[in-house]
Amino acid sequence: MALSQNQAKFSKGFVVMIWVLFIACAITSTEASLTKCQQLQASANSGLIGAYVPQCKETGEFEEKQCWGSTGYCWCVDEDGKEILGTKIRGSPDCSRRKAALTLCQMMQAIIVNVPGWCGPPSCKADGSFDEVQCCASNGECYCVDKKGKELEGTRQQGRPTCERHLSECEEARIKAHSNSLRVEMFVPECFEDGSYNPVQCWPSTGYCWCVDEGGVKVPGSDVRFKRPTC
């Protein structure tokens, strides 16, 4: 028995609806099988050229280190792919230490925001220390800093300056002690090769040794005589 015109239209529409539902279910099933990282990766790959594309492991989880190739920046992420504050640098951060305590540079990087007229967050090395050269994105000025991130006077200029290693506080104190014209034996601080204070300081003429902090300040109660304390 031949189908009426209305029946034929209904039958055709029903078939189309079934196909639409089938395709929708297939797409939903495919998306459901993808991890969050893979979904974001697929979405980014279909977007603008040069956009950030998440890097995923073979298992679908986020790689601990994420990089944005067009900018040269890399950073560490948690299991949900969220950036761990203070880890973004130009180059390759050490994300095996991502749960370790942040360095001063990383903490400043995490809390300082880009404000017009300000230099913005500092640039940190892979080990978390300050880059010798810091630059202001707002005006293109760059300058040299010490190990604590403090600007070295006379180094600010347009473009990147050549930042030779300057004398540290410990090295300056050591030179000053050696140049003293008095014959009395002065205390001469002990410095490491990188210019930082040796945590154990001694005054040979008195026989005393003591512990100091990173700034060379004596730790109260650490004085001992005729031996080196454990600092």
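The backbone N, Cα and C atoms fix where each Cβ goes, glycine too.
Residues or ranges marked as disulfide bond by Swiss-Prot: CYS37-CYS56 (among others). Neighbour count (other Cβ atoms within 10 Å of the Cβ, all protein chains): 21 for CYS37 (disulfide bond). In the three-state DSSP reading, CYS37 (disulfide bond) counts as helix.
The annotation disulfide bond is assigned in Swiss-Prot to CYS67-CYS74 (among others) on the grounds of sequence analysis. Shown in sequence order, LYS65, GLN66, CYS67, TRP68, LYS88, ILE89, ARG90, GLY91, SER92, PRO93 are the residues of the chain, 6+ apart in sequence, with a C-beta less than 8 angstroms from the C-beta of CYS74 (disulfide bond).
The feature disulfide bond is assigned by Swiss-Prot to CYS76-CYS95 (among others), with sequence analysis given as support.
What Swiss-Prot lists as disulfide bond is CYS105-CYS124 (among others), and the listing cites sequence analysis. Shown in sequence order, GLY86, ILE89, THR103, CYS105, GLN106, GLN109, PHE130, ASP131 are the residues of the chain, 6+ apart in sequence, with a C-beta less than 8 angstroms from the C-beta of CYS124 (disulfide bond).
A simple way to gauge crowding: the CB of CYS142 (disulfide bond) has 19 other CB atoms within 10 angstroms, across all the protein chains here. CYS142 (disulfide bond) carries a strand DSSP state (E or B). As annotated by Swiss-Prot, disulfide bond applies to CYS135-CYS142 (among others), with the evidence given as sequence analysis.
Marked as disulfide bond by Swiss-Prot: CYS144-CYS163 (among others).
The feature disulfide bond is assigned by Swiss-Prot to CYS170-CYS191 (among others). Long-range C-beta contacts of CYS191 (disulfide bond), restricted to its own chain and to partners at least six residues apart, with a cutoff below 8 Å, comprise SER168, CYS170, GLU171, ARG174, TYR197, ASN198.
Summarising the annotation, Swiss-Prot assigns disulfide bond to CYS202-CYS209 (among others). Sequence-distant neighbours of CYS209 (disulfide bond) (same chain, six or more apart, CB under 8 Å from its CB) are VAL200, GLN201, CYS202, TRP203, ASP223, VAL224, ARG225, LYS227, ARG228, PRO229, listed in sequence order.
Swiss-Prot lists CYS211-CYS231 (among others) with the feature disulfide bond, giving sequence analysis as the kind of evidence. Using a 10 Å Cβ-Cβ cutoff, CYS211 (disulfide bond) registers 20 neighbours.
The average per-residue pLDDT of the prediction over the domain 'Thyroglobulin type-1 1' (34-95) is 87, rounded to a whole number. The domain 'Thyroglobulin type-1 1' feature in Swiss-Prot is assigned to 34-95; the stated evidence is sequence analysis.
The annotation domain 'Thyroglobulin type-1 2' is assigned in Swiss-Prot to 102-163.
Annotated domain 'Thyroglobulin type-1 3' per Swiss-Prot: 167-231, in sequence order.
If you look up Swiss-Prot, you'll see 1-32 marked as signal peptide, on the strength of sequence analysis.
If you take the Cα of CYS144 (disulfide bond) and the Cα of CYS37 (disulfide bond), they are about 39 angstrom apart, rounded to a whole number.
The disulfide-bonded residues recorded for this entry are CYS56, CYS95, CYS163, and the Cα of CYS95 lies nearest to that of CYS231 (disulfide bond). Same-chain residues at least 6 positions away in sequence with a Cβ under 8 Å from that of CYS56 (disulfide bond) are, in sequence order, THR35, CYS37, GLN38, GLN41, PHE62, GLU63.
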